[in-house]
Ligand code: NAD
């Protein structure tokens with residue numbers, strides 16, 4: 001049976017980098033027997049322009065039906081004045097919420113040829129391979145009460161609320177423990193239990209789950225501010241980090257600079273397994289729509305291509321194809337090819353399309 005994929009390129013550089021991933025999908029279909037049914041839809045500003053909404057209900061329904069969603073990025077300054085609930089970014093927030101995609105997996109892995117592109121010294125980051133598991137449907141981005149209110153004295157107040165239930169914490173921690181078992185067997189749980197009750201509950205629930213089901217995995221706890229510092233001081237101490245929505249957002253962007261560029265980092269967001277044994281899943285680069293470089297054919301497509309590799313591994317169980325893509329990316333980097341974001345002084349940068357073509361050619365050689 002064919003695997004069903006929904007492609008959502010979105011805004012800015014989204015369509016440019018998605019085009020490179022689609023070339024690889026077509027190659028896998030034509031040469032490696034991957035049976036595929038692909039459909040593409042508008043989201044974000046692109047959807048606002050045509051449908052007057054960042055994501056239509058029928059797109060959400062399709063996303064629920066397919067084996068996996070490959071997402072580009074959304075966000076366009078053109079729409080900065082639309083009401084908050086119609087902004088392009090609503091598309092990704094709504095997908096995460098409606099598909100109940102609660103666990104965001106963000107690997108930060110340094111390819112050796114990019115050692116010099118890292119913001120840190122080579123000795124500190126060589127061989128870096130960590131995974132941040134971020135809770136994505138709860139916490140302060142969704143908690144109630146929220147809003148901007150006017151007080152009786154006329155002053156205004158902005159309110160957001162950090163809320164986590166036991167089951168929300170437990171299910172994301174379970175993902176982290178399971179992943180650790182496939183890696184180096186270590187989980188570091190991150191919160192701020194020193195000043196937040198939600199952090200206190202987070203720590204208790206993770207500790208209980210560890211005692212009950214995952215004693216074979218090594219568990220440590222760290223305050224989020226210390227974790228930010230440790231990620232810069234000694235990032236290789238971490239294997240899997242599990243944390244809430246807000247801290248995960250910040251820490252994973254920080255971790256991205258350890259690897260050289262936002263343009264290198266893929267991600268997966270996983271939901272629950274349904275009655276048909278299908279796990280809702282969305283794959284996307286961690287970066288945004290990069291409006292400053294959109295339309296110039298200079299964006300790095302590797303995060304999008306590596307997101308496709310994660311899709312093949314986690315949703316389609318095509319482990320060999322996933323590994324092949326990662327190897328091809330590594331070889332292309334070894335050969336010295338760089339887009340502008342990862343090019344060091346004196347290296348002539350290649351375009352988005354040239355980078356995509358190089359990965360494709362390398363795949364054909366390796367296969
Ligand atoms: P951004 O990630 O789009 O860009 C930050 C910087 O990194 C920019 O200088 C950009 O040029 C560069 N960059 C990002 N991806 C790159 C790539 N593949 N190749 C080369 N350079 C790259 O973040 P931002 O500027 O804060 O946000 C821009 C828009 O994207 C905003 O509307 C924001 O809301 C949105 N956004 C969307 C998502 C998403 O779709 N999941 C995530 C983050 C931000």
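Placement of Cβ uses the backbone N, Cα and C atoms for every residue, glycine included.
Predicted automatically and left uncurated, TrEMBL annotations should be read as such.
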Residue in 126, 134, 186 which TrEMBL records at the substrate site where 96, 106, 225 also bind:
134
Under a threshold of 6 Å between Cβ and any atom of ligand 1, which of the binding-site residues 249, 292, 298 are retained?
292
Could you check which of the recorded positions 134, 141, 225, 292, 294 is the closest Cα neighbour of residue 249 (Mg(2+) binding site)?
134
Can you tell me the CA-to-CA distance separating residue 294 (NAD(+) binding site) and residue 225 (substrate binding site), as a whole number of Å?
33
Note down the number of other Cβ atoms within 10 Å of the Cβ of residue 96 (substrate binding site), including every protein chain shown.
21
